2 protein chains.
Amino acid sequence: MSSDISPLAPKTYAALPPIRGARIETAAAGIKYADRTDVMLMVFDRPAAVAGVFTTSKCPSAPVDFCRENLGGGQARALVVNSGNANAFTGQKGRASTAMTASAAAEAVGCSEAEVFLASTGVIGEPLDASKFASVLGQMAVSASGDRWLDAARAIMTTDTYPKVATRTARIDGVTVTLNGMAKGAGMIAPDMATMLSFIVTDADIEAAALQAMLSRHVGSTFNAVTVDSDTSTSDTLLVFATGAASELGAGAISAAGDPRARGFSKALADLMEDLAIQIVRDGEGARKQVEILVTGAGSAKAAGRIARSIANSPLVKTAIAGEDANWGRVVMAVGKAGEKAERDKLAIWFGDIRVAVDGERDPDYSEAAASEVMKRDEITIRVDLGIGRGKARVFTCDLTKAYVEINGDYRS
Amino acid sequence: MSSDISPLAPKTYAALPPIRGARIETAAAGIKYADRTDVMLMVFDRPAAVAGVFTTSKCPSAPVDFCRENLGGGQARALVVNSGNANAFTGQKGRASTAMTASAAAEAVGCSEAEVFLASTGVIGEPLDASKFASVLGQMAVSASGDRWLDAARAIMTTDTYPKVATRTARIDGVTVTLNGMAKGAGMIAPDMATMLSFIVTDADIEAAALQAMLSRHVGSTFNAVTVDSDTSTSDTLLVFATGAASELGAGAISAAGDPRARGFSKALADLMEDLAIQIVRDGEGARKQVEILVTGAGSAKAAGRIARSIANSPLVKTAIAGEDANWGRVVMAVGKAGEKAERDKLAIWFGDIRVAVDGERDPDYSEAAASEVMKRDEITIRVDLGIGRGKARVFTCDLTKAYVEINGDYRS
């Protein structure tokens, strides 16, 4: 947790209402940090349906392995998350640590270990001493309550400078259901995965398969469309839990993602996911600007996505943004290196509303002063039109500042 | 040209002997920089065989397009290189500029425009006013001489902090032939291409096709094995010229890359290319450390190469190195995100001679103090053994420092 709060931090945090069927407690177990909470337990009093997406890393953390195994059961009673240690690349010790945590959580909540979900974030390669918090889970399960969302979001932070929460509502069968979500991010954030840690809970009654289908549909345009530094974590975990408690109020069960009664819910879920994903970018390590990369006119949506990521991950584009320099030549470079079809002489580029390049060269009407004005904003859109097809994609990122280097040159020690 | 010279700069520069058949002149045309040379003309008094490799960018610069067209002829009489402007993404104006330069060079040297080769480096998107130097090429061709290699290497610099030259000799038919080379680099340097600009000249008599075959064979393990910032330039150009003048001394013509008489030459060429490529890494923007990434035991050489690049391009690995932190957890992350086959529990990692991880977890005998000692050096080798096959690869890179962000946040303006 850095002492300097991101200039892009929200001015106020959303007040998250309790979710029927879900209770939360946090504790300070002293895993790595002093004087702060670092463990979060969420209890589902009755089994919640669960859906998840995990890192695509070939070296996933022990908790990711553990969750993947339990996800097949589709049912959750407890979620335990710790910060300060990722329990990644910890071999047999890592598996022993997840086993100890799951066993303690199952006993605390009164469920099977197959209904426990785990996530860990922090340093890679250090053995995680789960005894530090396994012993307090019993007490935490008793004192857990429904109104601790912001506390929970704080407990899972690492280099984040602010907690990330969001809430939405939707109507099912005329009944209002609620979706609450939290996320953590900051560094080791890259596309093609579920970003570091995010947990979303709803009281809607959605079957696990339907929940998974909606989650998978929306992850591409939300969490997988953000990148801080192109580095994919070993621990990325995004879990959605549906307690179903709203069924008691008349919001009937949803068993298929395509059910028209779930349309509003699915839209609210996508919206919530985008909100959390953008909050992660805005708290990217050292970030001073939020950047939206919009690619249109590409050969396909996939090509557009690759080109957008190539721009969003380019150190030269990101440092130019940090320097408030409308350096569109570097955008051309990043389009060119993406390896996707592009015709130089059909390319057009905008910073904000200012078209800086058209037909493969500098826009004759382009005003450097106007473009510089755009670059001074703290939210910048860079749009590239390839002029060769209908493929489009959008990626969110942040600038690359000296603070990123500072934070990451001195994170572990 | 930065005022702070890289701490990794060579203490002295190699003294490059003249190459029979090649003469050089430089001039200060005021393209962008004040008080320095920015144009280099190389004249081959008789047609030299030429081989080349260019950027894989889909948005190549006008000079790259121009060279690609002329390379088919396999014959060169003049090379014109300017710094300060890349003549990239300059549309019709860019083509007019290369045409004007080629026409002036052809007239100056007395050759066809098809025997002229061009390269430009500097800002992207600004029209290049070739009239600034086209008019002086005639005089430059007259005054050009054989001993201006270091001057030439200086004239092509942009954010480079030192000129990059190297020389080698080889024996063909008992006769000593010489190879001289120069390169420029600094930023926008990434694998899978010929890096920014490099020109190599020999007096050996090697036919163009044989020269191209040797060049293509060696480029993968030399220029394509370095990365500063993962950003591939629009202008990367590597050209090799063989004047053939040594044939007068008895070094007979080589018409096939496989000719056993060319074995020593090919080895000297590879060695020279590696020397220049490493000089580029050592002058990477903001670089304070040279880093060798060695991947062994991968499923294939291609997989090893991808994993090595994933490590070498990871901002988190590079900032850790800048911070002298033996943060092998980030190496695990970069292996995991590469997308190539890896078995976490078979992975071993070394920093220098210190094995920090083995069998998928921290090496029990690992001494943090010993690893920290390695990190203080200015040349660091990180070795990863995947333990699953025989594929291996080597990539050279540098650390990512605050100076990189500083240089690139304020380069164009």
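The backbone N, Cα and C atoms fix where each Cβ goes, and this holds for glycine too.
These features come from TrEMBL:
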BINDING   A:THR158, A:LYS184, A:THR195, A:GLU285, A:ASN408, A:SER413  substrate binding site
ACT_SITE  A:THR195  active site, nucleophile
Subset of binding-site residues A:THR158, A:LYS184, A:GLU285, A:ASN408 within reach of chain B (CB-CB under 8 A): A:ASN408
Around the Cβ of A:THR158 (substrate binding site), the count of other Cβ atoms that are within 10 Å: 24
DSSP three-state assignment (helix, strand or coil) for A:LYS184 (substrate binding site): strand
Cβ packing number for A:GLU285 (substrate binding site), 10 Å threshold: 29
Surrounding CB atoms that lie within 10 Å of the CB of A:LYS184 (substrate binding site), all protein chains: 28
